[in-house]
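The structure under discussion appears below in the form of structure tokens.
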Amino acid sequence: MIYLAGGCFWGVEEYFSQVDGVLDAVSGYANGRGDTTNYQLIHQTGHAETVEVAYDTNRISLKELLLHFFRIIDPTSLNKQGNDRGSQYRTGIYYTDKADLAIIDEVFKEKAKDYKKKIVVEKAPLKHFIKAEDYHQDYLKKNPNGYCHIDINQATYPVIDESKYPKPSATEIKEKLSADEYRVTQKNETEKAFSNRYWDSFDAGIYVDVVTGEPLFSSKDKFESGCGWPSFSRPISPDVVRYKEDKSFNMTRTEVRSRSGNSHLGHVFTDGPKDQGGLRYCINSLSITFIPKADMEAKGYGYLLSSVE
């Protein structure tokens with residue numbers, strides 16, 4: 001069991017109820033003054049809107065749960081998430097098993113690298129948890145159009161642990177990559193259209209960063225765009241790519257880079273299939289390596305098989 005405060009508990013509860021491996025998610029109030037409060041009193045009693053998450057350790061780890069948690073919060077925002085303000089909307093991780101603290105600390109250390117500001121998420125032993133009123137439980141299931149400050153749909157995207165795919169040193173990268181791969185990933189160059197290795201390949205599998213091996217795209221989201229480069233409607237997870245404004249060649253475009261390796265991948269455009277979200281990730285074949293579905297388990301990517309057709 002772990003207790004997560006991430007702003008309004010309606011969205012946090014609904015998000016975690018959809019995460020594979022979570023057995024139950026219950027809204028409540030935690031770590032305030034005293035063991036009695038309610039929705040009208042929490043701003044006086046100092047409790048945080050918190051979700052009790054019960055999970056199957058054989059299906060999901062605590063670290064994976066915490067990576068999900070950091071996906072849906074702004075960890076640098078004090079007493080504010082989305083449009084909600086007040087100490088009851090602070091972020092926090094409250095544990096009942098001291099052994100969990102080492103994992104929590106590990107995630108904090110990793111996530112601190114992603115932000116310029118200090119992480120202000122509380123981490124503390126659980127003092128008490130008071131179950132919220134019945135009308136708060138499963139609120140968004142009962143009220144599908146109710147207020148929610150997070151994207152619930154992201155719950156179905158896999159969590160990919162960045163620490164498993166560390167970036168090699170500059171020397172190692174130069175030794176590992178071909179001259180063409182190096183020019184594209186490290187010097188932001190673009191390969192030729194219609195003459196690259198994956199533009200017309202649609203076999204089942206995943207595409208990983210040629211530098212780090214971090215998973216980036218799935219064949220399930222690949223489509224024929226006619227542009228001559230591999231095209232995807234989305235990354236395999238929203239966590240694995242970074243975006244940067246690119247004003248080269250007298251154009252304004254959105255560059256796509258890999259998270260762990262910071263490799264230049266390509267650009268994203270808004271002329272993709274409307275029924276798949278409308279985006280087109282135009283990616284250089286030289287920036288990615290294809291892992292066939294049949295090889296994913298043996299190469300350590302078996303946890304992503306459900307993300308592949």
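Cβ coordinates are placed from backbone N, Cα and C, and glycine is handled just like the others.
Copied over from Swiss-Prot:
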{"type": "REGION", "residues": "1-153", "note": "region 'Peptide methionine sulfoxide reductase A'"}
{"type": "ACT_SITE", "residues": "CYS8", "note": "active site"}
{"type": "DOMAIN", "residues": "170-293", "note": "domain 'MsrB'"}
{"type": "ACT_SITE", "residues": "CYS282", "note": "active site, nucleophile"}
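All chains included, 22 other C-beta atoms sit within 10 angstroms of the C-beta of the residue listed as 'active site'. It is 36 Å from the Cα atom of CYS282 (active site, nucleophile) to that of CYS8 (active site).
Other C-beta atoms found within 10 angstroms of the C-beta of CYS282 (active site, nucleophile) number 23, with every protein chain shown included. Counting residues per DSSP class in helix, strand and coil order gives 32 helix, 40 strand, 52 coil for the domain 'MsrB' (170-293).
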